[in-house]
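Visitor: Below is one structure. I have some questions about it.
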Amino acid sequence: MQLSSVLLTAAGLLAPVYSSAIISIGRRSEGLDVSLASTGNTKVQVSVTNTGSSEISILRANTLFDASPTKKFTVYKEGSRKEVPFKGVHLRRSPSDLAKDNLQPIGPGQTIDKEFDLAETLNLSESGTYIVSADGVFPIIDPKSFSIASVIPYESNELKIEVDGKQVSGVLSTRAKIHDHLAQRADFNNGNCTDHQKAVIASALKRDSSIAGEASNAALSGDVRVFEQYFRTTDPSIRQQVSDRFHAISNEACSAEGGVVKYQCEDEMDVCRPGTVAYALLGSNVVVNCPIYYSVTAVSQACDAGDQALTVIHELSHIDAVYYPATTDLAYGEDASMALNADMSIRNADSYTFYANAVRQNCNPS
């Protein structure tokens, strides 16, 4: 770029040239109510009520309707400011693989109840009072086009439960043993990966390190409009935090064989169902690539697309050992992520994934 262009851009007189526009979907302010109730010790019932006047179809993936051991609740021990560490999985799914069996219809006035045992994904062996809540967004799907039409944000009541640790000591043990087993045997060269898979992973990590590095710089000194589009704020302290996370991800990605995260290519947790690209095992610093990962585009060219390197960013953002606190999955896909508020955005993995892509693709903030 010539000096004159630099000066004009800095002065705000010459707008940058963008590859395409970023377009956000609608955010519905009402229509679903979420309430939590205790059903005994570590078990919690979730009741989702459609308070609107028409039937809607909710995407199950990464929501309270997802049967996978994904993060659905925020849990604190009373008197502590530190969240109880999550021991389940964070999944990355392909938005192009939506199907009817991924939808949860709910009619007007209808309530759907789901029961979860918190001890299956949290270590609640210490007796006492715990505070449980849930927040996020429900992606609403157009059943004709199978695309996300809008999102409905939700925030549950705050529930206090009394836990007897002696009753739950064995609940997490089976899953924990699998985690420990994978953590001990999974590394870049010994995770049941073929030579082809190793080559794909190594290439994706190299690209990820560069993409995350660019995003780290952009978060601090790049176009503030693009940052605000994904993180809903221009607060300098938040920009610094986002930059620091990307910097940590970049460093981890360039340390494929010496980093804290290990790669596994065999799905011993049995969660690589259709549409699941990869998942992170929380507490074990293990990322598992599902078979579909190797058919995902290596390098995307669109502002709202994903690829192998962006999947790496998504999964590494979930690992506490890379950057604390780790992200979670509050929204699915770019459109739903851009409908989050500032507090949710900074905690949401896909907000980082698609911001990094927007920086790389030079996408235009709408």
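Any Cβ shown, glycine's included, is placed from N, Cα and C.
According to Swiss-Prot, the feature active site maps to E315, an assignment based on similarity to another entry. Annotation source Swiss-Prot lists Zn(2+) binding site at H314, H318, citing similarity to another entry. What Swiss-Prot lists as disulfide bond is C272-C290, and the listing cites similarity to another entry. Residues or ranges marked as N-linked glycosylation site by Swiss-Prot on the basis of sequence analysis: N123, N192. Sequence annotations record features per position, and here Swiss-Prot assigns signal peptide to 1-19.
For each listed feature, how buried is it and what is near it?
Guide: Cβ contacts within 10 Å of E315 (active site), excluding its own Cβ and spanning all protein chains shown: 29. Under the three-state DSSP scheme, E315 (active site) falls in the helix class.
Shown in sequence order, H90, A280, L282, A326, T327, T328, A349 are the residues of the chain, 6+ apart in sequence, with a C-beta less than 8 angstroms from the C-beta of H318 (Zn(2+) binding site).
Within the same chain, the residues at least 6 positions away from C272 (disulfide bond) whose Cβ sits under 8 Å from its Cβ are Y279, V288, C290, P291, I292, listed in sequence order.
When other Cβ atoms within 10 Å of the Cβ of N123 (N-linked glycosylation site) are tallied across all protein chains shown, the result is 18.
Secondary structure from DSSP puts N192 (N-linked glycosylation site) in coil. The Cβ neighbour count for N192 (N-linked glycosylation site), using a 10 Å radius and every protein chain shown, is 14.
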Visitor: Count the Cβ atoms, other than its own, that fall within 10 Å of the Cβ of H314 (Zn(2+) binding site), considering every protein chain shown.
Guide: 27
Visitor: How many Å lie between the Cα of N123 (N-linked glycosylation site) and the Cα of E315 (active site)?
Guide: 22
Visitor: What whole-number Å value do you get for the CA-CA distance of E315 (active site) and N192 (N-linked glycosylation site)?
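Guide: If we compare the Cα positions of E315 (active site) and N192 (N-linked glycosylation site), the gap is 19 Å.
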